[in-house]
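The structure appears right after this line, and notes come after that.
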C-alpha cells in the first residue's frame, strides 16, 4: 500500500466541524457498524480504562486482519469517539487510539479525506502529548499521511483553521466538562484538563510561525481572549506553565501586535505575579518570556524597580534546573530598564538574593560558573554608571576573594567561585580612579596577606593529631594565593617591577613578597618542619617566578654555609617542595643550584638504601643537572641498587619505582651503567625469583632506552615469548605488551626468523610452544618470506631423529602392526648408547617439534615447493610416533607419563599430527598421476620418496624398519588414491628391484611391499616364488639358526597376502612346515620369544590349509600353547604378550575350525579343562603395562574366557575363588571377563549351597570373597571429576561386586534372602553403596541425573549388560550400573534402603531422591510387585479337600491388590494399597469383608499381613500367603453347623458351642433359635440337655 493514499488535489476546504471533547457529548449511532466490532465500540463508551484498551485492541485487530477496506460507518463512528478517547487519562488508551487511527488511514486510503477535519485536532494535539509513547503513535500517523515536504506544506495551510478551532474549543473546556466528577478523582480530572490545555497551547505555538499576519486574526485573538488562558501561569502543573510561557514568547516573537491589546494581562501575569509564584520546572521559560516582552514592550515593568520585582524569583535560583536559568537571567538583566528611581537602592538586596541563591543547597554545583558570571556582570552593570563606595565593595565583591583563598562559614554565601570570577571581580574595582577605593583595596590585600601569614605562623606542630590536615589546608591556600597572583601579574608589562602601589598588581606583588619572607622565616625557625610554608614557596617559585627572580630568597632557603640546614631539609616533609623551588631557579642560577644539589645529594646518600630512596627520588624528580648526577659515583651506585631492587620478583616499593623512572627521564644514570643493567635484566628474564612479574623495569628501559638491548633482542624476545605462554592471562598480557614493543622497535619478521631457527634447534622447558612458532611462521609466510627461510635443517632433524632409532622396538608392537614379527628383527646398532633427550615443557622432543611445525607449514603450500628430504623425515617421524603412541612409550618422541590427564592431552596432540601427516601423504599420492599406469620414471615426489626409503631399508636396524614402515604407508596411500598398479611396466619395475628374496638386505623392503600392497600382490609370480622358497627353506632351518627368524617372519607376512586355504603352495609342503614347527616346539629353550610368537602365527595361518591332515602335531601345538601360557607367568610384561596373543588365537582357531579332523577334536576334548584353567590363570597376569597391544590381548583373552563351559567353573571351585580376585584387576577387560564368568556361575553355585544350607540348617551368607569386595568402598575424594567420569577400575570393581551380590539374591528363597540381608545389615554395607551412588549421580548436590535426558529407559533401570555398556562412554557405563544397582537395592533390600532414607540428614538429597524415585523407580517397582502377585496367584498350589484357593485381583490403575478367601459363598477379603513412594513408603492393608471371626481377630490378621509385607522386604506375595494361612488355620477343625448346614453363621461367626454328649459344634445363634422354636434346651441331634448357654443368650443376645 502506498503511503498517504491521497489524491493530487491535496487537502481541500471542509465544512465539517470538530467533535466535542466534553464527556457529555451524545454517543454515536452504532446501528450501521459491522457486527464484529459493534461490541468493542460499545465498550469504548464505558468509563473503565482497561475495558477501553481491550476494546481498542479488538477493533485494531479486526482492522488489521481484514482483507477488505474498512467500512465508512466505522470511520464515522471513530471520528465522533476519537477526540474524547485521545485525551483519556490512561496512556495506553491514548496510544491505542492513535494506532487505530493509523490503521484506519491505511485501510480507507482516500476515503478518509472527508473525515480528516474531525480527526485532525486530536491527532495533531496527540503529537504534543507529554508521554513519549503516545506522542510517537500520533507522529506515526503524521509520518504516514504527510510523507513528503509538499504534503506537509499543503496540510498546514489547509488545516490551520481547523487546528485553531480545536484549540479554541479546548481552551474553553473545564475540568468538570472534560470529566465526570462522580466517577473521576480530582487528581485525574486536573491531569486530563491540564493535558488538553497543554497540547492546545503547544499546537498554537507550533502554528504561529506558519500563519500569515492577515490569516485567522479573529481565531488567534479569540484564543488569547479566553479568560482561562491567563490563569494558567499560576497552574500547579509545571508543563502547563511552561507551555503558557512558551506560547506568550512565541506570540511576542511572531505576532506582537496581537498581544499588545492584552499587555496589561501580560504584565500582570509575567512581571507582577510570575516571579512570586512557584516556578520549579518553568523558571527558564518564564525568563525567556520576560526577555521577549521586555524587548518589545519595556514599559510593561511599570514604575516599580525591576530588580525588586525579580528578586523573589532570583532568590530561589534555578529551582533544580540547569545553568540556563543564570544565562537567561543575565540576558534579562542586561536589557532591564534602569530608569526607576529606586533601581540603585534595590541593588544590594538584589545582589544578596543572588548570592543566597547561588550557594543554596538546592542549587546545582555545576551551575556555579554561570551563576557567578551572571552575578559579576550584574555588579558591573550596577556600578557602571557611578563609582561604588568602599562599603559597597566590602559587601558585594571583596568577600569573593576571601572565600576563595580561605573558605569559612562567615563567607559561605560566596562559595564555589573560581579564579576567573575573582579576577573579574577585581577588574570591576576602580582602583586607579578613586582614592577611597584604592585605599580600600590596599587594606583588603594587606589584611588577606596578614591573615595568611598569621595562619602559617600559627600552624600546628608535628605532635598535634591535626598536623597533617592543617598543613595541607595551608599548602592549598598558598597554591590558591599564587594562582591569583599569577593571574594578576600575567597581563602586566614584562619590565614592570611591581614595586609600590601604583596599580593593583603591584599591591598584590608587595603583599605576596611579605608573605614569602614570613614563610621562609617560619621554615628556618621551625627546622623546615612546617611543609605548608615550603609549599607556599614552591607555589611562588613555580607560578610567580617574577616575584622571586631578583630576590635572595632562594639563598636564604638554602644557606650554603649551614650544612646542618641541609641535613634537616632532606629528612623533612618540606624537601619535595623545596626541591621544586631549586629546580625552578636552576636555569637562572646554575652555579648556585649545582652547589645546593651536591650538598642535598650528599645528605640524602648518607641515609643509605632503601632508607634514602624517598629522598633521592625527590631530588632526581626535578631537573637535576646531568653533570652533577653522573659525576657522583655514590649516586650512580645508589640508583643501580634501586634498579636491581625494582627488577626483583618481590614487589618493590612505589618509591623505588618512581626513583627508577625519574633516573631515566632526567638522565641521572650514565649510558654505561644502563647498558650493564639492561644486559643483566635480559639474562634474568624467565629465571625464577629473578624477574619482576609486572615487567615495569623492563618496560621502562625499552620505552626510554631501547638501544641498550640492540646486542641481544632475539634472546630477550624469545624469553618473553616463553614467559607469555606459561604465565596466567593477566601476566601474559603484560608480557605481550613488552614483546610487541621489542618487535616494533627491531622489526618483526627478522626477529621471528631468528627465533624460529633457534627454537627448532633446541628443546627445553623454556622453549617456545610449537603452536606459537607455527602461528607466526604462517603470518610471515603470508607476508612474502620464502618458505625455505622458515624450514628446519634436514641434517639436524635427521641427527636428532636417529637418536630415537637406536632403541630396540617394543616387542608388543608385533601385535598391533601389520609388520608383525618384523619388530623382532630390528636390533640396536652396534655401539649405540641411550641418551637423555631434550624436551620442551609439553614433553616434545626436537624431532617431534620439527615434525609438527613442518607438517603444519606444508598444509598451506603447494607440493612443488616442498622438499623431499623434509617430507621423508615427516613420514619417518610419523611412523615412529604412531608406534610410541601405540605402546604409550614414556620416553619416545613425546614423553607420555603415567598421569592420565597429561597422557591424554599429549596423545591427542600426537593423533592430530598423525592426521595431518596422513593428509599430506594423500596429497603426495594424489600428485603421482602416472602411478596407475606404472609409468615410473622417478620424477614424481612419491617415486623420489620410494627410492630414498628403499635405500635406507637395507639392514636390520630400527631406522631400516621405520623406513620400510614409511614406505608401506606411502604404498597404501597410492593404492587408496589410484588403486593397485597394473601393467607390464609396473611388473618390470617391481621385478627389477629384486627385493622378493629372503636376505638381510631385502627382508624389510620385501615386507614393505607385501604389507603395502597386501592382496594386490596375490597374483604376483615373484611373491608366489618367494612363498614357495620360504616354505622349502623352513624345513631345513633350526631354531638357533640366524636366518630362521627372518624366514618365518617373511613367511607369515607372505601368508597374509593370500586368502585362507588358497595359498600357492602344495599342501604337502605346508605339512612339512607344520611338522618342522612342531619339532621346534619340542625344544622350547632354544627358541627366542620372537620365534615362539612367529611359530604360533605360522601354525595359525597354515592351519586352514592342512585342517584334514591327521597327526600328533595338533596335540603338540596345544600342549605348546599351554606351556607358553604357564611360561608367561615368569616372563617380563614386555615380552610375554608377543607370544601369548598368537597362541590364544591359535587355540581359538582350532576350536572354531570347520570340519576338523578327529585327532584335533580328540586333542581339544582332552585338554578342555586344562585350557580353561590356563586361560583363567592368564587373566591373573599383572597389568603393569597399559597400551593398545595389551588391550588387544586382554580383549582376545576375555573373549576366549567367556567361552569356558559352565561345568568347568562349577566343578573347579578354585577357579571361582580366583575369579573373585580378578574382579579387582586393574584391567577393565579382565574385570569384564571375571564378572561375566561369575555372573554365569554364581547362580548355579548358590543353588547348590542353598540346598546344603537348608538341609543342614546352616546360616546362609554372601560369599566371603564378595563381601571383601563390597566392603572395600572407594574414596571418591581422591578422584577429580574428570577422573571419576573415566569410571576408575576400583569403583567399577566395587559396583560389579554389588551386582554379583544381587545375583545371589535373585535365585535364593525367602529364608536365605533374609539371612543374606542380616549379614549385609550387620556391617552397614548398603549405606556405603547408597552414599557413593548419590554422590556420583548428583543427588547430594540437589542435581540428580536426568535419566530421560541421558536416554536411560526402563529397560536400562531393570537390567545391565556389561558387554553392551562398553559401547558408550565410561561415564555412561558407571551411571547405568548405578541406576540399575539402585533398582536392585529397592527390589531386594527395600527395608535397608528405607532405613538409610529415614536416617538421611541432607534435606537436599532427600528432595532430589523423592522426585527421582517417584518419576523413575516407583512405577517400575509397583509394576514388578503387581506382576509378582499375578504370577503368584496363577501358580498357587491346588488346595486340599478342605481348603479353598485365595482369589486375587490386581487393579493396576488404582495400584491395589484385592484378595478373598471363600467361606460359605462369602469372601473374607482384604485390600493391599501400594503408595506412590513404594517401596520407601509402606503398603497399607485394609480389611474389606470380615467373615468367620470377631473384629479383634480379624484386625490381628490384617496387622499380621501388613507386618509380614513390611518385614519381608516389602513382599506382597508373602503377605497374601500369611493371610491365607491364617484363614485356613482358623477354619481347620470346624465343620458345618448341624442346624444351618453352614460353617459361618448370619453374624459371621464359626460354630463354637459344643454338645458335651455328642461333641457336635453349633452356632450360638442357631442354638438360640432352636431353643426358641422347640421350647427345649436339648441338643438337636442327641436330644440331651445343653446347659451351656448364658443368660444373655437366653434373652436373645446371641453375642460372645
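Keep in mind that glycine also has a Cβ here, set from the backbone N, Cα and C atoms.
Annotated features in Swiss-Prot:
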type    : residues  : note
REPEAT  : 31-65     : repeat 'HEAT 1'
REPEAT  : 114-150   : repeat 'HEAT 2'
REPEAT  : 161-202   : repeat 'HEAT 3'
REPEAT  : 245-288   : repeat 'HEAT 4'
REPEAT  : 291-344   : repeat 'HEAT 5'
REPEAT  : 526-606   : repeat 'HEAT 6'
REPEAT  : 853-904   : repeat 'HEAT 7'
REPEAT  : 962-986   : repeat 'HEAT 8'
REPEAT  : 1045-1083 : repeat 'HEAT 9'
REPEAT  : 1289-1324 : repeat 'HEAT 10'
REPEAT  : 1325-1369 : repeat 'HEAT 11'
ZN_FING : 1537-1583 : zinc finger
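For the repeat 'HEAT 3' (161-202), same-chain residues at least 6 beyond its ends with a Cβ under 8 Å from one of its own Cβ atoms are 14, 17-18, 20-24, 47, 87-89, 117, 120-122, 124-126, 128-130, 216, 219-220, 222-223, 226, 228-229, 232, 235-237, 239-240, 243-244, 246-247. Non-local neighbours of the repeat 'HEAT 11' (1325-1369) in the same chain are 1228, 1232, 1235-1236, 1239, 1267, 1270-1271, 1273-1274, 1276, 1284-1285, 1291, 1294, 1296, 1298-1299, 1375-1383, 1385, 1389, 1392-1393, 1396, 1402, 1404-1405, 1407-1409, 1411-1412, 1415-1417, 1420; each lies 6+ residues outside the stretch with a CB under 8 Å from one of its CB atoms. Residues belonging to the repeat 'HEAT 9' (1045-1083) score a mean pLDDT of 86 in the model.
Long-range contacts of the repeat 'HEAT 4' (245-288) within its own chain (CB-CB distance under 8 A, at least 6 residues past either end) are made by residues 201-202, 204-205, 208-209, 211, 213, 217, 220-221, 224-225, 230, 233-234, 238-239, 295-297, 300-302, 309-314, 316, 318-322, 324-325, 328-329, 331-332.
Same-chain neighbours of the repeat 'HEAT 8' (962-986): 805, 817-819, 822, 872, 875-876, 878-880, 918, 921-922, 924-926, 928, 931-936, 942, 945-946, 949-950, 952-953, 1004-1005, 1007-1009, 1011-1013, 1016, counting only residues six or more beyond its ends whose CB sits under 8 Å from a CB of the stretch. Across the repeat 'HEAT 9' (1045-1083), DSSP classifies residues as 27 helix, 0 strand, 12 coil.
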